[in-house]
Amino acid sequence: MERIKFWVYLCFLIPSLVCSVFLLSYLLSNRTLRTALHNHAIIVFLLIGLFYQATLYPWMLYYYNYEGIWHRSSLFCTIWAFIDWGLYYTQMILFAWASMERHILIFHHNWLSTRQKRLFVHYLPLVMLLLYCLVYYILTIFFPPCKNTFDVSQMTCVVLCYLFQSFALYTYDTLVHQVLPNLIIVIFSIALLLRVHWQKKRVGKSLQWRKHWKMTGQMLFISTIYLLFALPITLMNFLHLCGLSRNVSAQLMDYLFVFNYCMILLWPFACAWSLPQLKYKLKNVFNFRRQTRAVGPITLYAGKIILLQTLSS
C-alpha cells in the first residue's frame, strides 16, 4: 500500500508543483491580475499549497519510499503536524471567507470603492483570519495544555493530545474550524449561483453579468473540488465528535486521508482552469505554435517577439 501511495503522490506532485510555480508567476508578474481583488485569495491558496508541496509531500514520499523506517526528532514531528493539521485548516477557513467575500465583490462592489473601505472589508479580514489561525495552531500544537505523544513508526509521528484529552478544545476545533467553514462554503456557493441566476433574469446577459458569471464560475469550480475532497473527512470527524468509535471507521479514514491529500495537489489545476484570462493566453500560444510550424523558420524570430508580448500583456 505504501508503494502505491508513493507513486500516486509522486505522479501528482511534479505537475502540481510546476503548475503552482507557473500560476504564481503569471498572477504576480501581471499588475492587473496582481491587483485584482478576486485573485488575492487564489494567490494566498497557491502560496500555502506551494509550501505544502515543497515540504510535506517530499517528506511523505521519503516516508513511503523507506516504508516508514525513518527516525525523526520530536521537534520535526511537531512541525510536520503544524503543517499537516494547522495550515490545512487555515486554508479551509480562508476559503470559507473567500466564499463570503465573493458576494461582496460581485453584488456590493461599492463597499470597496475607496482605499479605506478596501482595507477594512478586503485586506483586514484576510490578515486577521490568517493571524488567528497561525496563533491558534502554534499554541495548541507547540504549546498544548497536555503532553503530545510521539510514534516515529507512523507517518504523522505525533499524536496531538488536545484532540483526545481536551474535549472542549476538540469540540471547538471540530465545529469552528471544520464543520462551520464547510457549511459556509456550501451555503454561500449555492447562494452565489442563485443570485447570479436571478441577476440574469433581471438584466439579461449584459457585459456586467458576463463578468459576474466568470467570477462565480471561478469560485464554484474551486468550491466543488474543495468540498469533494475535504467534506468527507469533516463529516467523519463530526461523527467522531458525536460518539462514533474511531475503531469502527479506521479503515475508511485511511482511504479518506489518501483521497484528501490529493486535494492540495489538484488545487493548482483547479485554479488554472478557473482563470479565463489564462485559458485565452494559452490558446494564443498554441495557435502561435501552429502558425510558426506552418509558416516556417523565416518568421520565427518575429513570432517569438509576438509570443513574449502576448504572455507579458
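Each Cβ is built from the backbone N, Cα and C atoms, and glycine gets one as well.
Copied over from TrEMBL:
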TRANSMEM  7-28  transmembrane segment
DOMAIN    19-239  domain 'G-protein coupled receptors family 1 profile'
TRANSMEM  40-63  transmembrane segment
TRANSMEM  75-100  transmembrane segment
TRANSMEM  120-143  transmembrane segment
TRANSMEM  178-198  transmembrane segment
TRANSMEM  219-240  transmembrane segment
TRANSMEM  252-273  transmembrane segment
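The predicted model assigns the domain 'G-protein coupled receptors family 1 profile' (19-239) a mean pLDDT of 89. Counting only same-chain residues 6+ beyond the ends of the transmembrane segment (7-28), those with a CB under 8 A from a CB of the stretch are 34, 39, 42-43, 46-47, 49-50, 53-54, 57-58, 60-61, 64, 258, 261-262, 264-269, 271-272, 275, 278. In this chain, the transmembrane segment (120-143) lies close to the transmembrane segment (40-63): three or more C-beta pairs between them fall below 8 angstroms, excluding pairs fewer than 6 positions apart.
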